[in-house]
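Asker: Not my notes, these are from Swiss-Prot:
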| type | residues | note |
| --- | --- | --- |
| MOD_RES | ALA2 | N-acetylalanine |
| REPEAT | 11-80 | repeat 'WD 1' |
| REPEAT | 94-174 | repeat 'WD 2' |
| REPEAT | 175-218 | repeat 'WD 3' |
| REPEAT | 227-270 | repeat 'WD 4' |
| REPEAT | 288-325 | repeat 'WD 5' |
| REPEAT | 347-381 | repeat 'WD 6' |
| REPEAT | 414-446 | repeat 'WD 7' |
Amino acid sequence: MAGAGGGNDIQWCFSQVKGAVDDDVAEADIISTVEFNHSGELLATGDKGGRVVIFQQEQENKIQSHSRGEYNVYSTFQSHEPEFDYLKSLEIEEKINKIRWLPQKNAAQFLLSTNDKTIKLWKISERDKRPEGYNLKEEDGRYRDPTTVTTLRVPVFRPMDLMVEASPRRIFANAHTYHINSISINSDYETYLSADDLRINLWHLEITDRSFNIVDIKPANMEELTEVITAAEFHPNSCNTFVYSSSKGTIRLCDMRASALCDRHSKLFEEPEDPSNRSFFSEIISSISDVKFSHSGRYMMTRDYLSVKVWDLNMENRPVETYQVHEYLRSKLCSLYENDCIFDKFECCWNGSDSVVMTGSYNNFFRMFDRNTKRDITLEASRENNKPRTVLKPRKVCASGKRKKDEISVDSLDFNKKILHTAWHPKENIIAVATTNNLYIFQDKVN
């Protein structure tokens, strides 16, 4: 399976798993987002309990190719607390919906995290020295009587154990009536967007009390509502361009230079529906759960319930590539509707060179598709393969008929085990995959 480096066949092997082994999972421990920073040295996860955990790549292991995929806890902090909206009598969950890193400009790191209503800018900084020798303070912290001070001394910095501090620098609140589903930092690194079901707002990172509404699809009469915004993202190179996807399977590309309110899109990406596949579930499964620009900015990838599509920004009428993630579930849509799995929101990601796309599935399976060779692979995040450098065996699902020895029947898939969140290191073949409450890290096998 090709990875960040290009067309060579890659064997993926187990590196680490984070999180408790218990079958009885606390709701607060369920991972809700996973994101590498721009260098890939840090990996952040958010959970339903409002916590953010940051892992750091082991520095000494970066040189040893077989241990590059080892990450250890760097910082843990409570990003959001549960709140109550007294005006609407609604509980606001603390669950972290999205995390986005800002590019590093100095020794500190910055990230944005959001729950349903409030976005926060966090500063993550290290301290390994502390000042000592104050004139009015004893070494044990007691204050001295100023009249007893006969000589002035210059405080000095003394080494101390490394301490990582997370401090909230900005809180962006009270701008969304509906639940925030996306945040995306602009390529100017000064502004970012936040999207909820019906509106998209543009913020400046320095200004918390004001945002600009750039998309508003709320109808005058809510009974006429036919679609909602499901995801939004800024173009990686063009700071005036962004896209947003809808529950009807369309993607709109907007140019902020055209007008202040981008209600009229510049481009509309939509694939005509195949009449032979039309069913009661067509509209539900065509809803887009994630949209991601390629690093180059030439393509974008969308994920709907059954497939991943890659679109060329210069061609609106159909995707240039379509990859079936779990087509064998088409015959199971009725039962997936009854158990609400049909509404699961799977995310997708690109590798560093845009040559491979990855997304999750059920039974703790995840899928990779090589855009050059058109080969695909299904792998499993499981504790059975948890010896370091154990090579992952490809898995196959048997849709019907006779099942071969290594195949899994579609009827025996566990729909409670699902991989919704995945992330790919921006420069190396290291991937992070979130199962319910565990974070798996895999890397390519180096001979």
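Note that Cβ sites are derived from N, Cα and C of the backbone, with glycine treated the same way.
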Asker: Could you give me the DSSP helix, strand and coil counts for the repeat 'WD 6' (347-381)?
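Answerer: Output for the repeat 'WD 6' (347-381) reads 0 helix, 20 strand, 15 coil.
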Asker: Would the repeat 'WD 7' (414-446) count as touching the repeat 'WD 1' (11-80), if touching means at least three Cβ pairs under 8 Å and pairs must be 6 or more apart in sequence?
Answerer: yes
Asker: Cβ under 8 Å to the repeat 'WD 3' (175-218), counting only same-chain residues 6 or more beyond its ends: which ones?
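Answerer: Result: 97-98, 100, 102-103, 112, 114-117, 119, 121, 225, 227-239, 242, 244, 254, 256, 260-263.
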Asker: Given the model, what does the mean pLDDT over the repeat 'WD 7' (414-446) come out as?
Answerer: 95
Asker: By DSSP assignment, list the helix, strand and coil residue numbers for the repeat 'WD 2' (94-174), in that order.
Answerer: 3 helix, 43 strand, 35 coil
